[in-house]
Amino acid sequence: MDFLPLFCQLQHKPVLIVGGGEVAVRKARLLLDAKARVTINAPHLEPQLMSWAEQGLLTVCAADFHPELLDGKWLVIAATNQPEVNQQVFNEANRRQIFCNVVDSPAHCSAIMPAIIDRSPLMVAISSAGSAPLLSRQLREKIEALLPQHLGQLATLAGKLRERVKAIPDKLARRRFWERLFSHERLACQLARGQQQAAEESVAELLNEPQQSKGSVTLVGAGPGDAGLLTLNGLQQLQQADVVVYDRLVSQEVLAHVRRDAERIFVGKEAGCHCVPQQAINQLLLEQARLGKQVVRLKGGDPFIFGRGGEELETLAEAGIPFSVVPGITAASGCAAYSGIPLTHRDHAQRVQFITGHDKEGNIAQEWPALATPRQTLVFYMGLAHAGRIQDELQTHGLPGHTPVALVEQGTRLQQRVVRGKLQQLAQLATQVESPSLIIIGSVVTLADKLDWYGEANTLAGV
């Protein structure tokens with residue numbers, strides 16, 4: 001982070017703009033909106049600046065820049081077309097420890113003016129640290145279209161309610177009130193239509209509702225790793241959670257979307273190494289929900305595909321704890337797509353099977369004759385430890401040794417690696433990758449030669 005985002009209170013505080021052209025006009029308009037005491041220093045001024053000066057909105061010093069003008073200033077903006085003057089302003093401001101913005105010169109800025117979306121008192125500021133101002137403006141236009149005008153009124157209303165809401169003794173109940181207020185569709189419509197009386201009645205209803213927090217658990221699929229594959233609903237749940245209980249397979253990029261003041265509890269486990277037993281996880285979810293918290297149980301991939309999500313929900317259902325499920329993109333879909341391997345294809349596979357590499361006893365017990373039939377795709381989850389057994393059983397039951405296979409390590413992530421070869425090499429190929437890895441078996445693997453769009457540089461051919 002090159003610049004810390006910071007909103008400054010400049011009301012009635014002296015600031016200086018060096019320059020009198022169109023850029024100075026734009027900067028002065030922003031500072032006047034912030035109610036700053038603006039001084040313009042330039043020998044010649046744009047008509048708009050002269051007009052503001054005549055109205056008494058700003059002060060003019062019609063002379064060349066001299067360092068004494070910086071005395072007592074909180075901020076200075078250099079907006080001249082003379083690089084040597086801008087450099088002098090920057091040097092003198094730095095010497096006095098005054099924030100300085102030199103227009104179109106990021107290297108000479110101790111402060112950056114962002115692209116702004118104004119829904120006062122709600123403000124959204126976007127900055128590229130001066131490296132791509134046009135990109136910041138384009139993002140502002142996109143976000144501007146998403147934010148309704150009444151958000152400013154809603155923020156003002158929230159400010160008026162702060163003291164009343166502080167009187168609610170329970171911290172979680174206070175946060176629940178704010179969540180209901182900001183997502184209240186009827187209130188939003190009333191504010192947008194200017195129906196102030198009706199809006200106040202809606203707020204009164206919310207304040208009079210029982211404030212007792214009722215806990216619940218939401219089972220959320222985090223997807224296979226790439227945070228861009230997290231669903232919109234999943235993202236919303238992470239932003240609303242009081243507690244997030246997560247597994248080893250959840251990427252740091254996904255965890256970065258968790259609400260900052262939410263408690264994070266790691267319960268990671270892998271085959272043969274359960275740092276937190278499943279029963280303890282079930283009990284943890286119960287305890288947190290009974291405390292009135294909104295709990296997110298975050299699992300890699302999809303929680304209902306080899307994720308033991310069903311077992312956890314059974315425990316919650318038996319205890320009468322409210323729960324819901326947000327599906328995720330399962331590892332088979334994500335890893336195959338990011339490896340250029342379509343799981344089904346009319347010329348190759350009319351069926352796909354997802355198979356766990358080990359059951360709850362740690363064994364791999366399968367209907368091998370059914371798995372060894374042609375024109376299908378097999379996807380083994382958690383199968384690395386049994387790669388040799390998978391190879392032997394499939395070949396023994398009739399699947400040719402030349403059947404293409406792929407092992408996808410860290411699928412969909414920047415670290416993704418794909419090792420491809422033949423079924424008769426599977427045990428050997430498994431030594432070239434680490435967990436978490438997925439095994440894909442079937443002729444669809446050959447299509448990766450043409451369809452690999454994501455990780456060509458990280459794809460290895462089998463021996």
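Using N, Cα and C of the backbone, Cβ positions are placed for all residues, glycine too.
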Going by Swiss-Prot, Gly300, Gly301, Asp302, Ile305, Thr330, Ala331, Met382, Gly411 bind S-adenosyl-L-methionine; tell me which of Pro148, Pro169, Pro224 is listed for that site too.
Pro224
Should Ala331 (S-adenosyl-L-methionine binding site) be counted as helix, strand, or coil on the basis of DSSP?
helix
Which three-state DSSP class does Gly301 (S-adenosyl-L-methionine binding site) fall into?
strand
Within the region 'Uroporphyrinogen-III C-methyltransferase' (215-463), what mean pLDDT does the predicted structure show?
91
Asp247 (active site, proton acceptor) and Ala331 (S-adenosyl-L-methionine binding site), Cα-Cα, nearest whole angstrom:
14
Quick check for the class: what is the C-alpha distance, in angstrom and rounded, between Gly301 (S-adenosyl-L-methionine binding site) and Ser128 (phosphoserine)?
33
